[in-house]
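A.B. asks: One structure follows; several queries about it will come next.
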Amino acid sequence: MELEELGIREECGVFGCIASGDWPTQLDVPHVITLGLVGLQHRGQESAGIVTSDGSAVPKFRVHKGMGLVNHVFTEDNLKKLYDSNLGIGHTRYATTGKCELENCQPFVVETLHGKIAVAHNGELVNAARLRKKLLRQGIGLSTSSDSEMITQLLAYTPPQEKDDAPDWVARIKNLMKEAPAAYSLVIMHRDFIYAVRDPYGNRPLCIGRLMPVSDVNDKEKKSSETEGWVVSSESCSFLSIGARYCHEVKPGEIVEISRHGIRTLDIIPRSNGDPVAFCIFEYVYFARPDSMFEDQMVYTVRYRCGQQLAIEAPVEADLVSTVPESATPAALGYATKCGLPYVEVLCKNRYVGRTFIQPNMRLRQLGVAKKFGVLSDNFKGKRIVLIDDSIVRGNTISPIIKLLKESGAKEVHIRVASPPIKYPCFMGINIPTKEELIANKPEFDCLAEYLGANSVVYLSVEGLVSSVQQEIKFKKQKVKKHDIAIQENGNGLEYFEKTGHCTACLTGQYPVELEW
């Protein structure tokens, strides 16, 4: 909740779809992409865009982009502009670089020596300033302030060894990876192909799904030989709604070609100096939808384990466990189960307060959280509450909630946070406030419970988060046993994590790549 309210926002969502078999297809590609983007709406609410193609030798790209939520941008009339297509890619955006305006909406389309390409990007380039200067020195004009346009221009650059009649897209993508080590997941459309690309550090997620016949979608045991198409997405959460079955993640550094005939890996680019993988650990904590799959495990399950670990690290005498709706609910359930306390709802959220809410006047601003939450006071009068939240960023939203609960009859309110304190900005695709704005870096942090008005405040440790994320991951290459990554009394859980690969830069200040800022 704190993340959403106070500035830590999801990055972007990318999606692609290609029909299999004979073309023109009967598959409604624009609607599949739209539903896929609706499933990724939590990753970006500022703008949305779709580019489709018929996949012919001289393909016609159809483009529609707009500001706002997916369902507002893609009305039935707007979707008609994208018909007669066999493949396409889409994007939902939240600005991490570049202003929030239509010119920065993705996907970007650019003409190359071998025809048009369309590119959708999730992430943020760690060396964007240097790359911008390099492109401008080469005489390549940039029309937006988005680093995603720079990626598109780098892909349009013709490698010296490429022949005029034989485009080498693998070489172009490898050149991009050489110029920009992180952080990005990309979907690239050219003629009758879609390329799915993940940076060598695997910082941002990307996965592939198979569109099934409707009769086979819900039968997981049935191994159908029929395939209606392929999809690629930042998360797997929308696959069920479009009739797709999760296949696998795109590996760090992998270049995957998706065509009407199937999928194949073209290359896997290694990390320099044997660096570890650096998948963003906050995808598990907050950004991803709980029904998404990362590293062969469901996000919901990881959050539940975080709650259990938090109960081990920070037990407290109380009568019930609850949560600030609603991303912290799995952690709250895990905490309640581990410490044997009932899980009880104490707040209900007004789901329609958000970006479409009428701008409040002074009186409504003074009411603060009262317009966002209702209080279920009959559930907690005279009782001690353990309130679980996913994070506390600045602290000026959780404090009014604590006050509201106490004024409504709570005897005590103990705050337990299912992630460690955020101390550092992210420069790899997440919009985090400046270091000075973060509550963990302020003098008030030393007496946080008093500052917030709570009876106690405890965060999950970094080691506890890492253990919760990694305890079920199957490290096939390393042949790791579970007990090797458990938290030990000497604190070597974090030491082992550094060998296995999750980015905790916002928690520890240890960035996986050198930053050029």
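Each Cβ is built from the backbone N, Cα and C atoms, and glycine gets one as well.
So Swiss-Prot says this about it:
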{"type": "MOD_RES", "residues": "Met1", "note": "N-acetylmethionine"}
{"type": "DOMAIN", "residues": "12-261", "note": "domain 'Glutamine amidotransferase type-2'"}
{"type": "ACT_SITE", "residues": "Cys12", "note": "active site, nucleophile"}
{"type": "BINDING", "residues": "Cys280, Cys426, Cys503, Cys506", "note": "[4Fe-4S] cluster binding site"}
{"type": "BINDING", "residues": "Ser327, Asp389, Asp390", "note": "Mg(2+) binding site"}
A.B. asks: Enumerate the residues of the same chain, Cys280, Cys426, Cys503, Cys506 excluded, that satisfy the criterion Cβ within 8 A of the mean position of the Cβ atoms of the recorded [4Fe-4S] cluster site; list them in sequence order.
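C.D. replies: Along the chain, the qualifying residues are Asn203, Ile281, Phe282, Met428, Ile430, Thr504, Ala505.
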A.B. asks: Please work out the mean pLDDT for the residues of the domain 'Glutamine amidotransferase type-2' (12-261).
C.D. replies: 91
A.B. asks: Can you name the recorded positions among Cys12, Ser327, Asp389, Asp390 whose CA is within 10 A of the CA of Cys280 ([4Fe-4S] cluster binding site)?
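C.D. replies: So the list is empty; none.
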A.B. asks: According to DSSP, which kind of secondary structure is Asp390 (Mg(2+) binding site) found in, if we only use helix, strand and coil?
C.D. replies: coil
A.B. asks: Between Cys506 ([4Fe-4S] cluster binding site) and Asp389 (Mg(2+) binding site), what is the CA-CA distance rounded to a whole number of Å?
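C.D. replies: Spelling it out, the Cα of Cys506 ([4Fe-4S] cluster binding site) and the Cα of Asp389 (Mg(2+) binding site) are 18 Å apart.
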A.B. asks: Return the residues near Cys426 ([4Fe-4S] cluster binding site) by Cβ distance under 8 Å, restricted to its own chain and a separation of at least 6 in sequence.
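C.D. replies: Spatial neighbours, sequence-distant, of Cys426 ([4Fe-4S] cluster binding site): Phe282, Ile432, Ala505, Cys506.
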A.B. asks: Express the distance between the Cα positions of Cys12 (active site, nucleophile) and Asp389 (Mg(2+) binding site) as a whole number of Å.
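C.D. replies: Their Cα atoms are separated by 23 Å.
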A.B. asks: Validating a neighbour-count step here. Other CB atoms within 10 A of the CB of Cys280 ([4Fe-4S] cluster binding site): how many?
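C.D. replies: Excluding its own Cβ, Cys280 ([4Fe-4S] cluster binding site) sees 28 Cβ atoms within 10 Å.
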A.B. asks: Where Asp389 (Mg(2+) binding site) and Cys503 ([4Fe-4S] cluster binding site) are concerned, what is their Cα separation in Å, rounded?
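C.D. replies: Distance (Cα to Cα, whole Å): 21 Å.
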